[in-house]
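Visitor: The structure is given below, and queries will be raised subsequently.
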Amino acid sequence: MKNLLDFSLDELGELLKPKFRAKQIYEWIYHKNVDDFLQMKNLPLQMREDLANEFYIGGLNVSKCEQSVDGSKKYLFELKDGKTIESVLLPMKDEITDENGEILRHKRYTICVSSQVGCKIGCAFCLTAKGGFVRNLSAGEIVEQIRLIKKINKIPYERRINVVYMGMGEPLNNLENVAKAIKILIQNEGLAISPRRQTISTSGLSSQIKKLGEMNLGVLLAISLHAVNDELREKLMPINRAYNIASIMQAVREFPIDLRKRVMFEYLVMDGVNDSINDAKTLVRLLNGIKAKVNLIYFNPHIGSKFHRPSEENMIKFQDYLSVHGITCTIRQSKGLDISAACGQLREKNLKEKNDNA
């Protein structure tokens, strides 16, 4: 059987006669959260039965969910083949409350999705790398993470959603399927998520950044930088041997982006590793001439990690130096610290539990 979510609206229209049935199916799935063909009452009964025999919808099941006191939710999804991936729902700080101050709902959410099962980049600080690379996700498996999280949490179709491809995997190592997922998400008949509300985060595959730019998808770009010199970056991120910092900066300068937007540089700050003022000075030089925004991220320690969370004092000094030198800089407010919110933690914990019980 085939995953219907792997098909764009046009592709589905080519399969079905008459073509307008494709729009009806999209509306049932994406607008009404119906994932049982037999419930799609405006389709002929025979078509519903044929669809049920040939397709399935999504193929993800919730294996585990952890909820933080800050409202964040971390999902472990099981795929059709039994493999697992992680996704995170992050409510933004724009909640609507009742007269007692109780949160009724949030105006905006960010959903962090995975693009691969595992990852082949092998970053020293990332738990996902420990399990190695298994396979790419299909476009439908990427889309389903968003659709299912919206359905589970009863997030209305019209509610604003941001999507960040910052979960498990390197999105640009699965560019074909990620690009297709983006196109499906953009469609009004689908979830209608603007490309300007979708951000692809990459470890810096320069050649793939160029390909992404040539696709003209209109999405935002984030670079996982984490070091300001090649020597340190190669230790933290072995991919730097193939794509050094200079090549990344060149690719970023050539990347087409909305004039109102900036390229995000993610900088995971680790105590005594990359948190000095000299690091900040070098970062200012690297970003010269680039319309950039730096997002400083506290390292989230996990079992077996040799890195440590930096002091708040060093984070603020780093941020202040960048700001004084004209670079927009924020410190990411860590969410889900009381749950397994760092990439790969929930999956790793689940695998350990299975092994312990074997």
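Glycine residues also receive a Cβ, built from the backbone N, Cα and C atoms like all the rest.
Found this in Swiss-Prot, in case it helps:
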type: ACT_SITE; residues: E86; note: active site, proton acceptor
type: ACT_SITE; residues: C343; note: active site, S-methylcysteine intermediate
type: BINDING; residues: C119, C123, C126; note: [4Fe-4S] cluster binding site
type: BINDING; residues: G169, E170, S201, S224, L225, H226, N300; note: S-adenosyl-L-methionine binding site
type: DISULFID; residues: C112-C343; note: disulfide bond
type: DOMAIN; residues: 105-338; note: domain 'Radical SAM core'
Visitor: Between the Cα atoms of the residue listed as 'active site, proton acceptor' and H226 (S-adenosyl-L-methionine binding site), what distance do you get, rounded to the nearest Å?
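Guide: About 22 Å separates the two Cα atoms.
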Visitor: Can you tell me which recorded positions out of C112, C119, C123, C126 are within 10 A of E170 (S-adenosyl-L-methionine binding site) by Cα, answering none if there aren't any?
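Guide: Within 10 Å Cα-Cα: C119.
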Visitor: Name the residues of the same chain, 6+ apart in sequence, whose Cβ is under 8 Å from the Cβ of C112 (disulfide bond)?
Guide: S87, V88, L90, V164, M166, G167
Visitor: State the count of C-beta atoms found within 10 angstroms of the C-beta of C119 ([4Fe-4S] cluster binding site), not counting that atom itself.
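Guide: C119 ([4Fe-4S] cluster binding site): 25 neighbouring Cβ atoms within 10 Å.
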Visitor: Do me a favour and check the Cα-Cα span between S201 (S-adenosyl-L-methionine binding site) and C123 ([4Fe-4S] cluster binding site); whole Å is fine.
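Guide: S201 (S-adenosyl-L-methionine binding site) to C123 ([4Fe-4S] cluster binding site), Cα-Cα distance: 14 Å.
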Visitor: Report the largest Cα to Cα distance, in Å and rounded to a whole number, among the residues G169, E170, S201, S224, L225, H226, N300 that the record lists as binding S-adenosyl-L-methionine.
Guide: 19
Visitor: Cα of C126 ([4Fe-4S] cluster binding site) to Cα of H226 (S-adenosyl-L-methionine binding site): how many Å, rounded?
Guide: 12
Visitor: Averaging the per-residue pLDDT over the domain 'Radical SAM core' (105-338), what integer do you get?
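Guide: That stretch averages a pLDDT of 95.
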Visitor: For G169 (S-adenosyl-L-methionine binding site) and C119 ([4Fe-4S] cluster binding site), what Cα-Cα distance in Å is obtained after rounding to a whole number?
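Guide: With the alpha carbons as reference points, the distance is 4 Å.
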